[in-house]
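J.: The following feature annotations were taken from Swiss-Prot:
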type     : residues : note
TOPO_DOM : 1-25     : topological domain 'Cytoplasmic'
TRANSMEM : 26-43    : transmembrane segment
TOPO_DOM : 44-415   : topological domain 'Lumenal'
CARBOHYD : Asn78    : N-linked glycosylation site
CARBOHYD : Asn165   : N-linked glycosylation site
CARBOHYD : Asn257   : N-linked glycosylation site
CARBOHYD : Asn287   : N-linked glycosylation site
Amino acid sequence: MGSSTDHGGAGGRGKKGSGSQLWKKALLHSSLCFVMGFFTGFAPSSVSDWTSAAVSAGGVGSSHVVRSLHATGGAAVNRSLLAQAAAGAVDAGPQPLLVVVTTTESTPSAAGQRAAALTRMAHTLRLVPPPLLWVVVEANPDVAATARLLRTTGLMYRHLTYKDNFTVADAAAGKERHHQRNVALGHIEHHRLAGVVLFAGLGDTFDLRFFDQLRQIRTFGAWPVATMSQNERKVVVQGPACSSSSVAGWFSMDLSNATSPVAVGGAGYGAAAARPRELDVHGFAFNSSVLWDPERWGRYPTSEPDKSQDSVKFVQQVVLEDYSKVRGIPSDCSEVMAKLRTVSQQLEATWRSALAIINELLRACASVHGHVRSKLDSLYRSDFPQTEPETLICLIHDHASHYIYGGRFLSGDFC
């Protein structure tokens with residue numbers, strides 16, 4: 001019996017040993033599976049690797065991808081074109097910021113045209129590739145209407161205002177616009193808005209290629225500008241005289257007068273007397289870093305505060321002093337890409353005086369005030385550009401007297 005007991009104890013120990021071996025194998029197998037799964041999760045997808053490798057190699061995989069895109073229809077083709085354009089933009093690198101400064105007028109005659117002109121400029125700027133910042137400056141009383149308009153443009157903008165008051169005479173002399181430009185440049189300098197600054201008036205017309213040329217400016221850029229005066233039937237072209245993209249001087253010519261001489265001046269032409277005293281702000285652009293250049297304050301003595309503290313005059317002066325830093329736009333300056341439209345100050349003053357007279361006459365006729373004003377605005381747009389001042393006053397008199405009391409309100413001896 002003792003021997004049988006001994007055999008039974010040996011068999012139990014054998015079963016326990018085999019059971020522990022099974023547990024060890026299962027634990028080892030589970031550990032290996034866990035480790036393999038853990039590291040496999042960090043590995044990239046093999047399918048995406050094969051696809052990208054085939055496309056990049058330009059082999060069979062690439063041809064299959066192209067055929068499938070052409071077979072899916074127009075929508076896929078349009079998306080592929082957009083992707084190609086985006087890829088081209090990425091390859092070209094980040095583009096410099098364009099800061100477009102637009103000034104307005106606070107005079108009564110300009111209030112009704114401001115919204116239409118701002119809308120026109122907004123449509124133009126929306127065609128320019130980003131990044132672009134539109135800086136609009138205007139007097140404080142006109143803020144609300146313009147703010148609503150700017151919010152609907154879809155452009156990145158900054159709306160600047162000021163509380164300074166300017167008379168009609170100051171506005172006609174350009175003092176208000178000059179102040180607005182300094183307000184804009186002060187904002188750019190204060191916030192260090194790095195980019196290329198362009199002054200664009202509400203009546204200006206630009207070639208869209210012009211904005212691509214602006215992004216190539218490193219310090220200063222200048223271009224020929226055609227100024228069209230509708231009232232004087234006159235077209236004057238002014239701008240840099242270039243050799244390739246280098247500026248050698250400045251020229252001015254009257255295209256409406258075939259016998260008018262071409263004035264050319266500058267260091268490259270040996271005619272310093274013809275060098276303009278001051279550049280038109282619509283004829284150049286500059287890198288905004290010039291505004292916070294430390295050399296700015298040491299360039300001019302304190303006896304000339306306009307050149308050191310007046311930002312607009314400072315930039316105008318620097319452009320004229322150093323031609324080597326000015327880039328001609330386009331190359332050879334052989335094309336007019338910016339056009340300005342002006343109205344003579346004499347006719348503007350006459351129009352304002354006539355409006356003041358009409359407003360006095362309409363004080364007792366408030367019910368027809370809006371009708372008469374609409375007729376006057378229509379007259380201004382249609383006849384004003386081709387009308388002499390004396391004739392304009394007579395036309396306004398005739399229209400106003402006719403629409404108030406059938407022509408009997410004013411004396412016919414006025415004209």
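Backbone N, Cα and C atoms are what each Cβ position is placed from, and that goes for glycine too.
A description of the local structural setting of each listed feature is requested, covering burial, neighbours and distances.
T.: Here Asn165 (N-linked glycosylation site) comes close to no residue that lies at least six apart in sequence on the same chain with a C-beta under 8 angstroms from its C-beta.
In three-state terms derived from DSSP, Asn287 (N-linked glycosylation site) belongs to an extended strand segment.
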J.: Taking 10 A as the limit, how many CB atoms besides its own sit near the CB of Asn287 (N-linked glycosylation site)?
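T.: If we count other Cβ atoms within 10 Å of Asn287 (N-linked glycosylation site), we arrive at 18.
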